[in-house]
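J.: Supplied in structure tokens, the structure appears directly below.
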């Protein structure tokens, strides 16, 4: 089984430095789990690690797609799994570092991103049937094939009724049976996972976020966005909707002032950190590291290494 070390946490908490120190001590390579750092040319706004900051540690899944290209959790999972195997086969430790919770979950839970359990034509047929004969009629179709769903769901909850009928058509099983089977498979992964979440005092974190935004502006975020625009990248692209990029675009378009743009970037980043922490708290497999309780990053690194070895 492959050992997999994960260092996650909210934006600006200091994941980069900790993960590099761990990679140095554990002979590891880092796989980025960041939904913005995958894009080329978007360096400042994504707080992308520089060559110097890498300190010679190989990094994967950074600068892998153009800003106009589609990239989703399924794309990440495929590339990350390939990198994990490659790193492990070369006798090194794969270290996942990042704050995109869904990306991380795609690796530590056995999510199926295929459409094997979907039938769009059947869904369309049932939706049309509900329009023609009524939602009650479609709901009644569950009675003989999935009594539990029939009794639990209301006719007005058409989306879930359709899903239950779809699952039965494809699998021959009730949706509750199907869900239980999938839950058993959820933990069937080829990794021995050590999952750590870095956290710190909320006010201190927010100060770090605000300071980071000021640093980004000083490094030339506005010029970076101008360059992206000149290359043909537009506001409707997923990449350009990222925090920092959309606000600067509003400013360049004359919709808001520069001060308003900076304020909105800081606010958006703080809110994002809050959402990240809420997401990570849901995962019972993770170990939380409160950075405020340690005197140095070296102490944190040593603590993580000890917990991994004692497991």
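Cβ from N, Cα, C; glycine included.
From a predicted model like this one, the values you see are computed outputs, not experimental measurements.
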J.: What range among 34-37, 38-41, 42-45 does Swiss-Prot record as region 'Interaction with substrate tRNA'?
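T.: Swiss-Prot lists region 'Interaction with substrate tRNA' for residues 34-37.
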J.: Give me the count of other Cβ atoms within 10 A of the Cβ belonging to residue 15 (ATP binding site).
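T.: Its Cβ has 23 other Cβ atoms within 10 Å.
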J.: List which of the binding-site residues 9, 10, 12, 13, 14 have their Cα within 10 Å of the Cα of residue 100 (site 'Interaction with substrate tRNA'), in sequence order.
T.: 9, 10
J.: To the nearest Å, how far is the Cα of residue 9 (ATP binding site) from the Cα of residue 123 (site 'Interaction with substrate tRNA')?
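T.: Residue 9 (ATP binding site) to residue 123 (site 'Interaction with substrate tRNA'), Cα-Cα distance: 39 Å.
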J.: Could you measure between residue 10 (ATP binding site) and residue 123 (site 'Interaction with substrate tRNA') for me? Cα positions, answer in whole angstrom.
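T.: Given the Cα positions, residue 10 (ATP binding site) is 38 Å from residue 123 (site 'Interaction with substrate tRNA').
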J.: What's the CA-CA gap between residue 13 (ATP binding site) and residue 123 (site 'Interaction with substrate tRNA') in angstrom, rounded?
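T.: The Cα atom of residue 13 (ATP binding site) is 44 Å away from the Cα atom of residue 123 (site 'Interaction with substrate tRNA').
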